[in-house]
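Engineer: TrEMBL lists 278-389 with the feature domain 'FAD-binding FR-type'. Residues or ranges marked as transmembrane segment by TrEMBL: 38-58, 94-112, 132-150, 162-181, 187-208, 244-266.
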Amino acid sequence: MLSLGYKNPLPRTLTLHPSFSFPPFSVHLLIPMSMNALAIYAIAAGGIFAGLFLIQTLSILTNWTNLFSVLASRHLTLPFVVHRNRFWGLWSRASVLLHTSYVAVNVFLVLFRIESFTGAGHRAGELALVNLIFPLSATHLSFLADLLGITWHTCRRIHRAAGWMATALLAFHIIVAVQAQHFNFRLANISQGAASLGVLALFSIPWFRRWSYEIFLRGHQILAGLFVYGTWRHLPTKSSSPKLYLWIALGLLGLTSCLQLVTLLYQNGLFVGRGAPRAIISFTIRKSKENILTTTAAQIRILLPWPVKVEAGQYINLWIPLASLWSWTQTHPFTVTSWSQGRQDTMELLIQPHRGLSVELIRHASVAAESSVSFLALFTGPHGTSEDVSQYKSALLITSGFRVAAAIPYLKKMIYGYNTCTLQIRRLHLVWQVKSIDMTTAAQGLLNNLLEDDIIDEGYILNISIYVENGLAHNKTPFGKHERVCLYQGVPDYRSIISLEASGDQIERLPNIRDEQGRMLVMVSTADDLRDHIQEIVRGYLHQGVKLSEMEYQPNAG
Ligand SMILES: Cc1cc2nc3c(=O)[nH]c(=O)nc-3n(C[C@H](O)[C@H](O)[C@H](O)COP(=O)(O)OP(=O)(O)OC[C@H]3O[C@@H](n4cnc5c(N)ncnc54)[C@H](O)[C@@H]3O)c2cc1C
């Protein structure tokens, strides 16, 4: 007889044979117990040895970090492969290598062992979603960059590369789908999603950003939302893995948004119930020969209900909702020019007028030219990385225009380090290139504060060279009590400045004491072409212990 039912091979009840008996109680328990104890002992002993080995390896590697960083700078990050032009920025060997590997890995994953063209199309669609996890995982790039410990600039490059890769993969996915099948509901949805992504990619061209940053940003976010919606409707309900990628991206977005909200409430002191921060705005005004008043800069002091720790070079994203009709829709990044060893009760900012919110702010100068205006303000941050300045004997800070704001907190920190003998630093040189002498009045107070701080034991370490392109009557005009500030006509000769500083001759040394030359740090926050020029010069001095560092506030960072 044929039976289709499942026959259980095991009896339902277990009957012991009368001759069976359990092993004696003590032996039964002790064997596994002693084995466990031995295993724990072996793991603990092995763990201690592995830990010691790891610590030793890490300390050897840390000693070698300088060597690695010199090699990386000399062969990967500083040599240019593609020079900057109107359409794209500078491409170093490292960026070409990383981008090529990224493309190669994605092409390989699409084509590896494919059985059909349609299969490759499906895989490309899925891979596009995997690539989009990073760009969709946070609303705020500064916050994401902080979580990953990278600069805003690097985070933007990763965001852009992942976005373009996803667009290309999705375009391939759609081409394959169109060739393979007729137009249907699911294809209509992905076309809507892809159209959003395509427009979004086009909108990311720098021209749109410069034209109106706010429209670009909000448009970017709305189109990303439309893309997610279109893709969600396109994905088959049964297949779970592509939807899982969207879930991961949206889950990360929810998580980072919640974290960001809690950080914002904490940093703005909204938990402590002492009210919200206030922005006190004052202005630098220039009077022309014809008695016409022009506002050249704004200074903002943010009074904080809850003190905040800000590292040198960090910036905040500032929201002043009542400054103008549309200011509630905008946040803007500004470097914190104030620095202190501990937490700060007030943060200071130096603002250059452009076309948007910055101009709206300086319009208030007409009612408060001599005094100041006060607004409710909230901020996110402080964001951004801060260069470790502890290993350098000298530092050369090169800035142009209002980007001097980024150099000031570093100078403050290094002067403090010299005064308190907590840093090795022995020489500081600020080279500041400006278009006209008027620009210097905006930062005059900040520079005077630095000179006042730099007075310990008459051992001044700070020198300031200001190069004025137009309108200076005499070249080389030293001023100030100790002639630590010098005004020059024209543009600096960076090659000779860097060469002189790298020689170490400018560091004051005690007589009859053999002193190591020490390392030198070159920090830049300048226009793009000047930054490229300095990179090229510094490449020649890497073997002399010179390191180049770019500050967070860079011009094309918008
Ligand atoms: C890390 C960082 C630090 C900065 N620190 C300072 C500083 O200390 N002082 C200072 O004067 N400026 C600073 N800036 C530049 C400042 O953010 C812009 O000048 C300001 O946002 C311009 O606002 P706006 O509406 O008046 O400009 P617009 O005239 O609308 O735009 C001028 C330029 O600013 C860029 N921009 C506009 N809005 C934003 C935004 N929300 N985020 C990023 N870029 C934007 C645009 O791409 C454009 O290139 C910093 C920028 C960055 C990225």
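Backbone N, Cα and C atoms are what each Cβ position is placed from, and that goes for glycine too.
Since we're looking at a predicted model, the values are computed, not measured.
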Engineer: Across the domain 'FAD-binding FR-type' (278-389), what are the DSSP residue counts per state (helix, strand, coil)?
Structural biologist: 13 helix, 53 strand, 46 coil
Engineer: Average pLDDT across the domain 'FAD-binding FR-type' (278-389)?
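Structural biologist: Taking every residue in the domain 'FAD-binding FR-type' (278-389) and averaging pLDDT yields 89.
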Engineer: Taking the transmembrane segment (244-266) as reference, which of 38-58, 94-112, 132-150, 162-181 has the most Cβ pairs under 8 angstroms?
Structural biologist: 132-150
Engineer: Give me the stretch from 38-58, 94-112, 162-181 with the greatest number of Cβ pairs under 8 Å to the transmembrane segment (132-150).
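Structural biologist: Result: 162-181.
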Engineer: Hey, would you say the transmembrane segment (94-112) packs against the transmembrane segment (162-181), going by three or more CB pairs under 8 A that are 6+ residues apart?
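Structural biologist: Contact confirmed: at least 3 Cβ pairs fall under 8 Å.
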Engineer: Using a Cβ cut-off under 8 Å, which residues of the same chain at least 6 positions beyond either end of the transmembrane segment (38-58) come close to it?
Structural biologist: none
